[in-house]
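Report on the structure given below.
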Amino acid sequence: MSKNSGPTSAAATVVTGRWFTVFASFLIMSAAGATYMFASYSKEIKSTLGYDQQTLNTISFFKDLGANVGIHAGIIAEFVPTWVVLAVGAAMNLFGYLMIYLALAGSIPRPRLWHMCLYICIGANSQSFANTGALVTSVKNFPQSRGIVLGLLKGFVGLSGAMFTQIYYAIYGGRGNSRALVLLIGWLPAAVSLAFIGTIRVVKTTVSSPYSPARRRRREFKVFCRFLYASAALALYLMVVIVVQKKVAFTHLEYGASAAAVLVLLFLPLAVVAKEEISLYREKKKEKDAAPPPPPVSVSIVVEESSSSSSSSSTALSCTGVLSPPRRGEDYTIFQGLLSVDMLIIFVATICGLGGTLTATDNFGQIGESLGYPPGSVATFVSLISIWNYAGRVAAGFASEMLLSKYKLPRPLLVAAVLALSCAGYLLIAFGVPQSLYAASVVIGFCFGAQTPMFFAIISELFGLKYFSTLFNFGALASPIGSYVLNVQVVGRLYDREAVRQREANSAAATAAGGKELTCIGVECFKMSFVIIAAVTLFGAAAMMVLVWRTRDFYRGDIYAKFREEEKEEEEEERKEVAAEEEKENHKVEAGELRPSDQG
């Protein structure tokens, strides 16, 4: 029995450790980015159901609404276990996209517009539940590396579009019909969430260690760097495969081999997790075996601290003090956070920033069509946006964390710089520079990715982690508002107006077109729209500069000092608990209640 106990304990340590929770979160987030693939099947919706561009953009808005309205998911997560949050998300994903697939396949009566809006909103809303379950849990497990954690997790979301494309090609043998892609988007994310549903949870850190806190932080950073290298290898492989597939026609078998390589690279971080968790397990066992007899411990201190913690939790849940919030970095209540001027500035900047990038991403299919790009290029654009979305997220996560730690460079300043950069991509679209859409997809994908982890990190830094699941979902609510204004009211209206003008300019074409979809060809289709989006985004950058000024003193200080103090308290608490347990066992041995051979 003693021979088997070691390996069994080591295996259990891997699966139940907080590093495995990060790995499981990687997989869940890798399947949670289906909303970014709308451009790959939007043409199918438009042609099959006979929609014009404004109607299609209305569906796109409800997709963005569902993906970003997650306040209810955050509030639910405050009261139920994480596995319930993930299970609800899986069910919503399967139902929403399955209904869209049945509508496109003609298996159900032709749905009304509000039916389609409801279906895609429900399906996309599963992303909020995945974010709340996996992302928030990982940030709470690694609070002092939150920027890196957010960057990596959101990076895998960014890669999901390219990974879905490769898996889709492998199953259906290349560029088949888009209906099959919708079906894949329906069942695969739900299956992944259910497969890892029991492993996503907040893990209490075992902080007793022979190493100093600074050394533990360096070790933690090295593990995250290994995750970064593994994810970068995956992104690089996807980039190479996309280029090759654009030049060479793959067979079904070759598509299968490509998808298999993607899955191998996706699971590569598991080796990092196993190595780290087993190493921690052996170190802890070695330390425990070599530990000297503990001094007597008073239990009354632990009870007193527990009582104090309960009282503090009760105060945090109270609605009192809404208009007199704590200092930045302390735990705000939900209402204190929502009514904060800082949150209002973040909300406005998110409307302008993410609203613009969402609009560009959702319309790349029609943009490519209007500028004369071949149909096969749309999949390339989606994959490029996906990969550079990943690059932006991990670069922003790691770079912002290091610049903040070493140079006290505030994250809001980096967000303002990213928003200004994204304007270059919008202007490339607006003026239709020949063959510039590839460069525009790179710039917009990178900027889209870079914004998300920094916005979420800023919210966690300014308002604390206690109600982060609700507050970050409120911040995400700004995205669909920006998408509605810019995508539906600006891009959709101006596109349809230009398409009608082109149709009326040729009466013969108008007669032949009948009631079919409106199609616009030429630079003018999106020119004015993206000039407006660029101007709105610059306004968002200016709003972030206001936040830079308001938070200048906060970011000059040590924003992680609170967590280091809590870590010391937890370490002392754990030592007391271990000492009390060992003292209790020693008393039993002395009293003859437990034989020494029974210990261990």
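Quick reminder: no glycine exception, Cβ is built from N, Cα and C everywhere.
Just so you know, TrEMBL annotations are computer predictions that nobody has curated.
Straight from TrEMBL, the features:
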- 18-273: domain 'Nodulin-like' (DOMAIN)
- 20-39: transmembrane segment (TRANSMEM)
- 83-104: transmembrane segment (TRANSMEM)
- 148-169: transmembrane segment (TRANSMEM)
- 181-203: transmembrane segment (TRANSMEM)
- 223-243: transmembrane segment (TRANSMEM)
- 255-274: transmembrane segment (TRANSMEM)
- 337-360: transmembrane segment (TRANSMEM)
- 343-555: domain 'NFD4 C-terminal' (DOMAIN)
- 372-391: transmembrane segment (TRANSMEM)
- 412-431: transmembrane segment (TRANSMEM)
- 437-459: transmembrane segment (TRANSMEM)
- 471-491: transmembrane segment (TRANSMEM)
- 528-549: transmembrane segment (TRANSMEM)
- 565-600: region 'Disordered' (REGION)
- 575-600: compositional bias 'Basic and acidic residues' (COMPBIAS)
Query = Do the transmembrane segment (223-243) and the transmembrane segment (148-169) share at least 3 Cβ pairs under 8 Å, sequence separation 6 or more?
reply = yes
Message = Can you work out whether the transmembrane segment (83-104) touches the transmembrane segment (181-203), with the criterion being 3+ CB pairs under 8 Å where the paired residues are 6 or more apart along the chain?
response = yes
Inquiry  = Is the transmembrane segment (471-491) in contact with the transmembrane segment (372-391), using at least 3 Cβ pairs under 8 Å (sequence separation of 6 or more) as the test?
reply    = no
Message = Which sequence-distant residues neighbour the transmembrane segment (148-169)? Criterion: at least 6 residues beyond either end, Cβ under 8 Å.
response = 22, 25-26, 29-34, 36-37, 40, 134-135, 138-139, 142, 175-176, 180-181, 184-185, 188, 221, 224, 227-228, 231, 234-235, 238, 241-242, 245, 250, 255, 258-259, 262, 266, 379, 382-383, 385-398, 400-401, 445, 449, 452-453, 456-457
Query = Along the domain 'Nodulin-like' (18-273), what average pLDDT does this model show?
reply = 88
